[in-house]
Amino acid sequence: MPTKSSWNLTSLLILFTFFSCSFSYSFTIINNCPHTIWPGTLSGWSGWIWARTGCTFDAAGVGKCQTGDCGGRLECEGNGSAPPTSLFEITLGAGNGQDYYDVSMVDGNNLPLLALPRGVYGGVCNATGCITDINRGCPRELQLLGGHQNQQVVGCRSACEAFKTDKYCCRNTCKPSYYSTIFKKACPRSYSYAFDDGTSTFTCKAYEYDIVFCPNSNGMRRPNLASPPPIRQPFWKHQQVTSSSNILFPFPEPIFLLVLTLSHL
């Protein structure tokens, strides 16, 4: 049984606030998933935020998670996440007070993830993330199975994790692979391989970040705050690309992210 530390509300907020001598940052983690998540973080001015799933811990905080495990502990204590995991990565105030941030699938994917920064003095910041449920169309050779009787796809591994070859692991320099191209088309704003900086890293002078797991495409549900207007899905169809199984392409993601960016001001 999960401990009382599990997150089992439909939408739950936790604030992480970092202070410097002249500025503070707030990070709100929102769980819109239909199941419990256990957030993980690497603290400091450069770190990660992710969600662990399928966790069980004893009274001492010892246990394991099916995805995102951080050393078999409830408190990550500086340990990173075991792949596959959807990652929000950020470096605060790196240059000219700008934050550098991205959502990465380089180490695989376990949940849809959206990052919504709010700019200082009303400045516009770009939303980023992957709103596609990659697990539903993960190629069979990349699937991580778990859940009931190990019959559910709980994560989609990277090609590097699955095959462990130089071709996919980018140990030197590399170009997009067959698998990273599939993920990039499904989630064009997210990192798909190690050298995917040009379209995946964003900068902003922000003071607040909403990190949303399993964002609702009809408007993000946020407790005690009005949701953005529903987004009507136009005539775009779901597309499919065939590997050993299919992966789904959603309606154009940049349009959804743009609407969320504008409505978040």
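FYI, residue positions are counted from 1 along the chain as it appears here.
Just so you know, glycine gets a Cβ as well, placed from its N, Cα and C.
Following the DSSP three-state reduction, the secondary structure of Cys65 (disulfide bond) is coil. Under the heading disulfide bond, TrEMBL lists Cys55-Cys65 (among others).
Every protein chain shown contributes to the tally, and the Cβ of Cys70 (disulfide bond) ends up with 22 other Cβ atoms within 10 Å. Under the DSSP three-state reduction, Cys70 (disulfide bond) is assigned to coil, being neither helix nor strand. Residues or ranges marked as disulfide bond by TrEMBL: Cys70-Cys76 (among others).
Residue environment of Cys204 (disulfide bond) contains 19 other Cβ atoms, counted within 10 Å of its Cβ in all protein chains. Taken residue by residue with DSSP, Cys204 (disulfide bond) is part of a strand. The feature disulfide bond is assigned by TrEMBL to Cys125-Cys204 (among others).
The feature disulfide bond is assigned by TrEMBL to Cys130-Cys187 (among others). The DSSP secondary structure for Cys130 (disulfide bond) is strand.
Within the same chain, the residues at least 6 positions away from Cys156 (disulfide bond) whose Cβ sits under 8 Å from its Cβ are Pro84, Gly108, Asn109, Asn110, Ile134, Asn135, Cys138, Pro139, Leu142, Gln143, Leu144, listed in sequence order. The disulfide bond annotation in TrEMBL covers Cys138-Cys156 (among others).
Taking a C-beta cut-off of under 8 angstroms and a sequence separation of 6 or more, Cys169 (disulfide bond) has the following same-chain neighbours: Cys160. The secondary structure of Cys169 (disulfide bond), as reduced to three states from DSSP, is helical. What TrEMBL lists as disulfide bond is Cys160-Cys169 (among others).
Under a cutoff of 8 A between CB atoms, and with a sequence separation of 6+ in the same chain, the neighbours of Cys170 (disulfide bond) are Cys160, Tyr193, Ala194, Phe195. The disulfide bond annotation in TrEMBL covers Cys170-Cys174 (among others).
Marked as signal peptide by TrEMBL: 1-24.
Counting every protein chain shown, the number of other Cβ atoms lying within 10 Å of the Cβ of Cys160 (disulfide bond) is 23. Over all protein chains present, the Cβ of Cys130 (disulfide bond) has 26 other Cβ atoms lying within 10 Å. If you compare Cα positions, Cys125 (disulfide bond) sits closest to Cys187 out of the disulfide-bonded residues Cys55, Cys70, Cys174, Cys187.
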